[in-house]
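Asker: Positions annotated as active site, proton donor/acceptor by Swiss-Prot, on the basis of sequence analysis: H164. Annotation comment: Swiss-Prot describes K168 as active site, proton donor, evidence class sequence analysis. Under the heading NAD(+) binding site, Swiss-Prot lists G12, V13, T14, G15, R16, M17, G107, T108, T109, S131, S132, N133, F134, citing sequence analysis as support. The NADP(+) binding site annotation in Swiss-Prot covers R44, and the record cites sequence analysis as its basis. Annotation comment: Swiss-Prot describes H165, G174, T175 as (S)-2,3,4,5-tetrahydrodipicolinate binding site.
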Amino acid sequence: MSDTPLRIAVTGVTGRMGKEIVTCIVKEEKQFSQEIVLGAAITRLNTNICGMDAGILINTDALGIEITDNLESIKDNFDVLVDFTAPDISIEYLKFCVNNNKNIVIGTTGFNQIHKNIILNASHKIGIVFSSNFSIGVALISKLLHKITQVIGNTSDISIIETHHNRKRDIPSGTSLTMQNIIVNALRSIHSNRIIDSNLDSTTYSPASSYKDILIHSIRAGDVVGEHTVLFAGPGERLEITHKASDRLIFAHGALRAAFWVGRDKIGLFDISDILEMDTLL
C-alpha cells in the first residue's frame with residue numbers, strides 16, 4: 001500500500017450526495033485512518049460557484065481546493081473519482097477517467113442498457129465500482145434475497161415497495177431494480193413461473209423461461225432518504241425484509257470505502273459485495 005493518501009475527486013458537489021461525500025472526507029477522515037483526502041471538487045450545473053473554496057460549501061475552514069467545472073485543470077490532483085450525478089454526465093466523467101487512467105466509483109442510478117455497456121467496456125481498462133446503493137445494510141439484504149427466493153420464491157407472491165424523497169428523478173429506484181434482478185435470477189435457478197415486467201430487458205431474460213410476477217411499487221414523498229421493503233406473501237404467512245436509510249452519510253461512507261478499496265491499481269468491474277467480500281457469506 002502506498003504511504004501517500006488516496007486523493008478523491010468528488011463530482012456534483014452542490015448536490016445532496018456530492019456535498020455529503022465532501023463533508024465525509026473532510027470531517028470524518030479518522031474513520032479512514034487519514035488515508036484518503038479531498039483532491040478535487042467538481043460541478044457541472046452550478047458554474048457560478050466555480051472558484052469557491054470547497055470548505056465554504058460545507059461550512060468549514062478553507063481547504064485550499066477550489067470548486068471547478070474544468071476536468072483538465074485538476075486531472076493531476078486526484079487518484080479516484082466518486083460520482084453521484086446523472087447518467088449522461090456520469091458517462092462523460094467515466095470517459096475522462098478512461099482517457100486519463102483514473103479509477104472511478106459510480107453511485108449514479110437510472111442508466112439504460114447502452115450506458116451499462118459503456119461502463120462494462122470501460123472496466124477492461126480501469127477499475128470501476130458500480131453500485132445502485134452503497135449501504136452495507138442493503139448489500140446484506142441483497143445477499144439474503146437470493147437465498148430466501150430459492151427457498152420460498154416459487155410459493156410466494158413477491159413485491160418490492162420503495163420510498164424516496166420527492167425530488168428523486170428515477171422511478172423505480174436503482175436499488176429496487178437491483179433487488180428485482182437478484183430475485184429474478186434466483187427464480188430462474190429454480191425454474192419458477194413466468195415473470196412479466198416492462199423494466200426487464202427482453203434480450204437478457206428469455207421469454208421461454210418461466211417466472212413469477214414481481215411488482216415494484218414506488219412512492220415519492222417528502223424528504224425520505226430511502227426505504228426498501230421486499231414482501232414474500234405465501235399461504236398463511238408473509239415475510240417482509242426492510243431497510244430504512246435515515247442519513248445519507250451511510251452512502252457516503254460506503255462510496256469512500258469503495259474508493260479506498262479500488263484504489264489506484266485495480267482493473268475490472270466491481271460492486272459493493274466485492275468490497276465486503278460477501279461471496280463467503282451464507
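Note that the numbers count up from 1, one per residue, in the order the chain is shown.
Placement of Cβ uses the backbone N, Cα and C atoms for every residue, glycine included.
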Asker: Go through T14, S132, the listed binding-site residues, and name the one with the sparsest Cβ surroundings, counting other Cβ atoms within 10 Å.
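Answerer: Relative to the other binding-site residues in T14, S132, T14 has the fewest Cβ atoms within 10 Å.
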Asker: Taking 10 A as the limit, how many CB atoms besides its own sit near the CB of T109 (NAD(+) binding site)?
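Answerer: Other Cβ atoms within 10 Å of T109 (NAD(+) binding site): 22.
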Asker: Using the alpha carbons only, what distance in Å do you get between G174 ((S)-2,3,4,5-tetrahydrodipicolinate binding site) and R16 (NAD(+) binding site) once rounded?
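Answerer: Distance between the two Cα atoms comes out at 17 Å.
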Asker: Taking the Cβ of T175 ((S)-2,3,4,5-tetrahydrodipicolinate binding site) as the reference point, list residues of the same chain whose Cβ is under 8 angstroms away and which are at least six residues distant in sequence.
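Answerer: Listed in sequence order, they are T109, S132, N133, V138, E162, G226, H228.
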Asker: Nearest of the binding-site residues to the residue listed as 'active site, proton donor' by CA-CA distance, picking from R16, R44, G107, F134?
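Answerer: Minimum Cα distance from the residue listed as 'active site, proton donor' across R16, R44, G107, F134 lands on R16.
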Asker: If I take the Cα of R44 (NADP(+) binding site) as reference, which of the binding-site residues G12, T14, F134, H165 has the closest Cα?
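Answerer: Closest candidate to R44 (NADP(+) binding site), judged by Cα separation, is G12.
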Asker: Between any two of G12, V13, T14, G15, R16, M17, G107, T108, T109, S131, S132, N133, F134, the residues recorded as binding NAD(+), what is the biggest Cα to Cα distance in Å?
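Answerer: Largest pairwise Cα separation, rounded: 21 Å.
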Asker: By CA-CA distance, flag whichever of G12, T14, R16, G107, F134 among the binding-site residues is nearest to H165 ((S)-2,3,4,5-tetrahydrodipicolinate binding site).
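Answerer: Nearest listed residue in space: R16.
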Asker: Tell me whether G174 ((S)-2,3,4,5-tetrahydrodipicolinate binding site) sits in a helix, a strand or coil according to DSSP.
Answerer: helix
Asker: Between the Cα atoms of F134 (NAD(+) binding site) and the residue listed as 'active site, proton donor/acceptor', find the distance and write it as a whole number of Å.
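Answerer: Checking the Cα atoms of F134 (NAD(+) binding site) and the residue listed as 'active site, proton donor/acceptor' gives a distance of 16 Å.
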Asker: Restricting to the same chain and to sequence separations of six or more, state which residues have a Cβ under 8 Å from that of G107 (NAD(+) binding site).
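Answerer: Counting only residues 6 or more apart in sequence, the Cβ neighbours of G107 (NAD(+) binding site) under 8 Å are M17, V82, D83, F84, S131, S132, N133, F134, F251, A255.
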